[in-house]
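Chemist: Pulled these features from Swiss-Prot for this protein:
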DOMAIN    1-66  domain 'S1 motif 1'
DOMAIN    87-155  domain 'S1 motif 2'
DOMAIN    172-242  domain 'S1 motif 3'
DOMAIN    259-329  domain 'S1 motif 4'
DOMAIN    346-378  domain 'S1 motif 5'
Amino acid sequence: ETVTGVINGKVKGGFTVELNGIRAFLPGSLVDVRPVRDTTHLEGKELEFKVIKLDQKRNNVVVSRRAVIESESSAERDQLLENLQEGMEVKGIVKNLTDYGAFVDLGGVDGLLHITDMAWKRVKHPSEIVNVGDEITVKVLKFDRERTRVSLGLKQLGEDPWVAIAKRYPEGTKLTGRVTNLTDYGCFVEIEEGVEGLVHVSEMDWTNKNIHPSKVVNVGDVVEVMVLDIDEERRRISLGLKQCKSNPWQQFAETHNKGDRVEGKIKSITDFGIFIGLEGGIDGLVHLSDISWNVAGEEAVREYKKGDEIAAVVLQVDAERERISLGVKQLAEDPFNNYLAATKKGAIVTGKVTAVDAKGATVELTLGVEGYLRASEA
């Protein structure tokens with residue numbers, strides 16, 4: 001039987017309830033469907049109770065508010081299950097938070113609001129979006145009537161920011177965004193609510209390809225980036241940071257011509273040549289074959305060491321491939337060309353035999369100039 005009463009006191013194990021002049025006992029476990037420590041908000045109000053025990057001889061009455069709530073919830077639950085449809089919007093109370101989402105009480109039925117369906121932007125923890133006790137409106141994404149499982153969405157209440165994003169941000173567009181996350185391979189930049197793009201580490205700096213993102217930007221920084229590529233289907237945007245800065249390779253190409261003299265310090269020496277540091281933080285390569293006219297590259301390179309100041313001539317600039325070819329020997333005249341200019345065809349010359357093979361002999365005519373004497377001509 002359901003009766004109306006008022007909670008008017010606290011006793012061991014529960015509370016006292018006045019039922020039209022009759023004193024009843026309300027066990028603490030039967031106040032609500034969930035444990036209630038503080039009943040201040042309930043005291044003094046007329047509430048519905050169900051009599052679960054009545055002993056007239058001992059004048060002992062035990063009531064339950066929980067039974068009334070469960071009965072009402074059951075009716076509400078049945079009605080909700082009957083009317084619930086995928087795609088509809090419903091209101092609910094956030095009941096519990098987990099690392100993967102939030103459980104929402106829709107009225108006798110709990111639905112899961114997964115963390116990936118809370119917002120279009122990256123969410124690290126559900127508490128960033130909702131809190132226990134919040135009343136929220138959600139959309140029913142999936143409803144398994146047999147298993148009574150409901151999947152809910154919050155972000156689906158708004159428009160998907162990825163729709164037609166390529167039209168809003170064509171390749172080459174420059175825009176500002178906020179750095180939201182750093183990884184070893186780059187940084188993520190939010191260019192609008194719910195849309196993040198990746199700036200790969202190779203697109204951060206023109207001259208340092210292996211720099212760690214933390215050396216360039218910090219989380220929270222507002223930066224200018226360029227849209228390099230958009231894959232709407234996979235929801236991926238490639239962004240560039242360095243493209244919003246002047247390209248030192250292009251600048252060098254615009255200010256230097258083939259044959260120009262440049263100077264710099266040796267940054268490194270490898271098996272194939274010498275790298276020279278140039279203005280703008282870029283490097284140029286002197287190949288072994290371009291070190292000396294007279295000495296083999298492997299021997300000539302031994303005359304140099306890292307840190308040496310060195311001059312060279314610009315041989316070729318490929319700004320697109322970020323390559324600059326330099327030459328040291330080109331600072332001096334080519335002895336071969338000089339020899340040809342001074343020696344006419346048919347002239348008799350002298351030389352020193354430096355090598356002999358089955359087909360003939362190699363003859364040094366002058367420093368840096370060799371000729372080959374075939375055996376048939378000897």
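Glycine is no exception: its Cβ is also placed from the backbone N, Cα and C atoms.
Because the structure is a prediction, the values reported are computed rather than measured.
I'm curious about the neighbourhood of these features; can you describe it?
Modeler: Residue counts of the domain 'S1 motif 3' (172-242) by helix, strand and coil are 7 helix, 38 strand, 26 coil (DSSP-based).
When averaged over the domain 'S1 motif 4' (259-329), pLDDT in the model lands at 93.
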